[in-house]
Amino acid sequence: MSGLLIEGSTGTWEVVVGLEVHAQVTSNAKLFSGASAEFGAEPNSQVSLVDAAMPGMLPVINTVCVDQAVKTGLGLNAAINRTSVFARKNYFYADLPQGYQISQYEKPIVGEGVVLVDLPDGSTKEVGIERLHLEQDAGKSLHDQHPSRSYIDLNRSGVALMEIVSKPDLRSGDEAAAYLTKLRAILRYLGTCDGNMEEGSMRCDANVSVRKAGDPLGTRCEIKNVNSIRFVKQAIEYEARRQVEVIEEGGTIVQETRLFDSRQGVTRSMRSKEHAHDYRYFPDPDLLPLVLTEERIETIKASLPELPDAKKQRFMEAYGLSAYDAGVLVAEQETSGFYEQVVTSSGDAKLAANWVITELFGQLNTAGKPIAESPVSAAALGQMIARIKDGTISGRIAKDVFAEMFATGKDADAIIEEKGLRQVSDTGAIEKIIDDVIAANQDKVAEYKAGKDKLFGFFVGQTMKASQGKANPGMVNEMLKAKLG
Amino acid sequence: MTDLTGLTMAAALDGLAKKDFSSAELTAAYVTAMEKARPLNAYITETPDQALAMAKASDARRAKGESRAMDGLPLGIKDLYCTKGVQTTAGSHILGGFTPTYESTVTQKLWDAGAVMLGKLNLDEFAMGSANITSYYGTVESPWRKAGDNRPLVPGGSSGGSAAAVAAHAAIAATGTDTGGSIRQPASFTGIVGLKPTYGRCSRWGIVAFASSLDQAGPMTRSVTDAAIMMGVMAGYDAKDSTSVDIAVPDYRAALDGSVKGLRVGIPKEYRVDGMPAEIERQWQQGIAWLKEAGMEPVEVSLPHTKHALPTYYIIAPAEASSNLARYDGVRYGLRVEGDSLDKLYENTRAAGFGAEVKRRVLIGTYVLSAGYYDAYYLKAQKIRTLIADDFKKAYQQCDVILTPTSPSAAFALGEKMDDPVAMYMQDVFTVPANLAGIPGLSVPSGLSSDGLPLGLQVLGKAFDEETVLKVGRVIEKAAAFSTKPSFLAGE
Amino acid sequence: MSMDKATVANIARLARIRLNEDELELYAKELSGIMGWIEQLNAVDTGDAEPMSSVVERLLPERADVVTDGGIQEDVLANAPDTAHGYYVVPKVVE
Ligand SMILES: [Mg+2]
Ligand SMILES: [Zn+2]
């Protein structure tokens with residue numbers, strides 16, 4: 001149970017959350033113009049006359065943006081609407097040059113779907129998708145460049161967004177965070193959005209309300225533009241407690257838009273603003289209904305990659321991994337790809353999982369590096385694991401070898417040679433060390449023979465130490481057993 | 001030398017081909033005529049230098065034997081078409097000083113065909129009007145006068161500047177746009193030919209939008225043949241306009257030679273409006289008789305929902321306009337009236353920049369789309385639009401073209417019908433249904449009113465069948481042999 | 001149908017057109033007349049007619065995902081009443 005229950009003075013409250021995610025479609029050009037959709041550039045340099053809403057300019061839709069929306073819909077197990085309609089959402093704003101946003105209203109391109117969310121306690125939860133629609137991004141207003149003026153840059157204006165609306169199925173900040181994490185993973189697997197929340201290519205609005213168990217939905221507040229998964233969790237938890245407090249003090253919740261202040265960890269009403277929101281949606285007469293053929297949908301379906309849920313299942317079945325390990329490895333497409341390369345080059349799926357999850361992730365974490373920048377390649381890690389398996393090095397020595405690989409980028413064989421770390425598997429050499437250890441510890445031998453079995457580990461340790469860790473631990477065990485009787 | 005400005009396009013093309021005169025001479029005559037026509041206020045912007053330069057280039061092409069479909073013909077351009085480097089106003093204060101960095105698709109096609117630009121023609125503000133009295137650049141006067149009455153008359157609207165210029169020989173032809181009758185009604189008021197093509201036939205790219213689902217560009221000329229020539233250049237698919245239709249452009253001029261024998265002309269029984277003058281009815285009957293003589297067969301057709309067309313139009317057009325005109329906000333181009341907040345800047349700019357009729361329609365459009373009213377007005381109007389379009393589809397199972405009067409009256413005096421918006425809207429009662437249904441319509445001058453003013457007949461056709469419309473129009477033109485000239489001619 | 005001044009003021013606000021008292025009065029009267037005339041449509045039985053947004057009975061044309069435009073900052077800003085450093089400039093927007 002990962003739902004957040006708030007104990008108030010009048011009883012226990014449940015939190016109800018639905019998320020609206022704006023995900024920037026991965027494409028070269030904008031949704032309705034031929035200007036570049038790339039991030040960051042000179043102001044107003046990635047703007048066509050269409051994006052600047054010059055008189056007489058008309059929109060023409062980008063075919064890849066449509067395909068990406070369909071692909072995402074399929075990845076969300078959602079219904080693809082054979083006919084969808086672009087509508088104008090009319091309002092005046094500095095960074096909205098047309099005076100309307102081209103969006104989809106009554107007939108979105110994607111209908112209901114479902115996402116399987118992995119919760120922190122290891123359980124999973126189905127979260128409903130209400131819809132996904134395509135729409136134009138707005139431009140950007142800069143308010144801090146001049147004391148009394150705002151500066152407008154239309155480079156973002158007209159970039160394609162997918163607005164992905166969940167059902168109000170989430171019950172806590174944790175669940176919301178887990179949903180966002182999963183959604184982001186799916187989008188990245190699909191290649192339909194890079195999921196970069198810092199650059200704003202994925203933005204989240206949260207609709208939050210509270211209610212007593214079994215009651216109908218309470219009045220919701222919309223928290224706008226929360227730009228990290230951690231903040232989404234914080235904002236929801238703060239907002240839920242605020243609402244409970246307001247209600248329990250005899251107040252009522254007013255439906256409004258609020259902003260999350262990440263420095264103070266609180267949500268604030270976007271004062272005034274509320275009056276007269278009337279978007280006057282109507283079908284855009286510059287565009288025709290978007291009709292998708294079965295053939296087009298099938299082609300896109302055939303191009304879908306293996307998604308996290310299917311991959312996790314396969315890792316468990318094919319590699320014998322635990323649900324936890326499989327889940328960790330599939331969270332990012334790069335990680336799962338890296339892991340499978342390690343499996344191929346090492347020939348040992350379980351060892352590969354352990355080394356990737358424990359050692360590689362540990363080192364990457366400490367170094368603050370993403371897996372794409374790992375100094376140890378998948379092939380190199382696989383080769384190192386192969387050296388454990390073929391007895392060249394022990395598992396313990398391997399940790400040192402790996403640390404050295406991570407620090408220098410050298411491969412395992414080079415390090416083993418350089419540092420003389422090759423494991424000793426020579427019977428004669430090991431026998432000699434064991435004889436020396438027994439000779440030096442006659443008192444312990446007597447105790448052992450008298451029945452103090454625990455001392456066996458002592459002899460193993462002494463032998464390994466004397467060999468500087470290089471003796472083959474399996475052989476040491478066997479030979480000690482023979483010598484000590 | 002002959003009066004060059006008295007020639008039709010077809011005759012001028014002949015003269016140019018035979019080297020009777022050059023485009024430079026023809027253009028110079030029109031530049032003079034344009035100046036002489038200034039009292040009509042038909043032009044907002046004159047571009048004589050550009051015109052003469054284009055004419056020179058045309059003559060050079062012709063000398064090399066590389067002349068094109070409209071080479072050397074001096075046109076006026078409705079100031080709703082964006083023209084690169086030449087101020088474009090849409091007849092509105094709010095576009096004050098706006099000079100496009102781009103050329104509309106249709107005007108580009110005309111220049112590519114060798115045509116010459118004389119200047120930008122006056123119009124009702126944002127093409128909203130039926131009398132050319134709402135322009136920020138002043139009213140346009142018709143070159144016509146009633147017999148024995150020297151009061152100025154309206155040229156019709158919104159392409160009033162185009163109509164007046166072509167009728168007064170201050171342009172050999174002009175572009176117009178037609179959202180509810182804005183090509184056909186002024187054509188009929190001024191005794192010229194005006195064609196509203198099928199929706200999707202001409203690109204809307206680069207034409208200031210009024211009502212996107214209704215707007216169409218079209219030619220305004222002094223003969224049906226000229227309309228066919230110009231239409232052939234203006235028409236065609238444009239990948240930049242998602243509502244433009246990708247079908248081949250036929251040879252409209254060649255189509256004029258075909259026979260109309262056996263074609264059926266539909267006469268809609270519902271097109272008799274209250275208070276329609278008897279002489280309009282007589283023109284209509286005359287038209288039917290001419291077509292019958294030419295071998296066509298009149299059939300009565302029913303367009304039962306057509307009586308709802310006008311109020312339907314006055315929901316749809318303002319709704320689309322209210323959204324299309326939101327971009328005029330004082331930020332990126334045109335007029336700006338400062339305010340101490342962005343909202344105040346918007347409100348001040350739009351209050352000062354839009355005239356009364358534009359404000360009226362933007363307010364209506366905003367209202368019919370607003371929460372709680374959408375279903376009752378906009379959605380309802382869209383459904384009635386379907387019924388109106390279906391009426392035409394059914395009618396065209398029984399006939400090939402439909403004949404109606406273009407307008408319920410001849411031109412009226414400046415100052416008349418101006419205090420009652422609805423009375424003014426009635427001007428478009430016969431033209432609006434074609435816009436709602438997206439079908440082509442042609443107005444051809446057919447005779448004179450008892451006051452000596454031109455009247456027009458309207459030929460409506462099936463979608464993308466401008467060929468038949470023009471062919472039937474040519475029959476009326478021949479039979480009517482309309483040759484009366486307005487009292488003011490700029491070109492002699 | 002009669003439209004009061006408050007309604008006109010509300011739609012004028014949505015449309016961002018400043019109207020003074022006299023104009024509110026005038027438009028309330030005129031729009032009442034026009035909307036009253038339009039109201040005749042209430043009596044029309046539309047049955048199961050589909051709403052028509054466009055007469056074009058074609059598929060929506062689509063463009064290739066190729067960058068063919070942009071890089072025209074000068075054109076984009078050419079007609080702007082106020083610009084600075086490549087931006088459009090407006091009175092400060094308070095969020
Ligand atoms: Mg939203
Ligand atoms: Zn959105």
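Placed from the backbone N, Cα and C atoms, the Cβ positions cover glycine too.
The active site, charge relay system annotation in TrEMBL covers B:K78, B:S158. For B:S182, the entry in TrEMBL reads active site, acyl-ester intermediate. Residues or ranges marked as domain 'Amidase' in TrEMBL: B:25-470.
Location within the structure of each feature annotated in TrEMBL.
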residue	record	DSSP (3 states)
B:K78	active site, charge relay system	strand
B:S158	active site, charge relay system	coil
B:S182	active site, acyl-ester intermediate	coil
Inset, instruction - Fill in the CA-CA distance, the residue listed as 'active site, acyl-ester intermediate' to B:S158 (active site, charge relay system), as an integer in Å. - result: 5
Inset, instruction - Please list residues from the chain of B:S158 (active site, charge relay system) whose Cβ is under 8 angstroms from its Cβ, counting only those at least six apart in sequence. - result: B:G91, B:L123, B:D124, B:A127, B:M128, B:G129, B:S130, B:N132, B:T177, B:T179, B:S182, B:P186
Legend entry - Candidates B:K78, B:S182: member of the active-site residues with the richest Cβ shell (10 Å): B:S182
Legend entry - the domain 'Amidase' (B:25-470) [mean pLDDT, rounded to integer]: 96
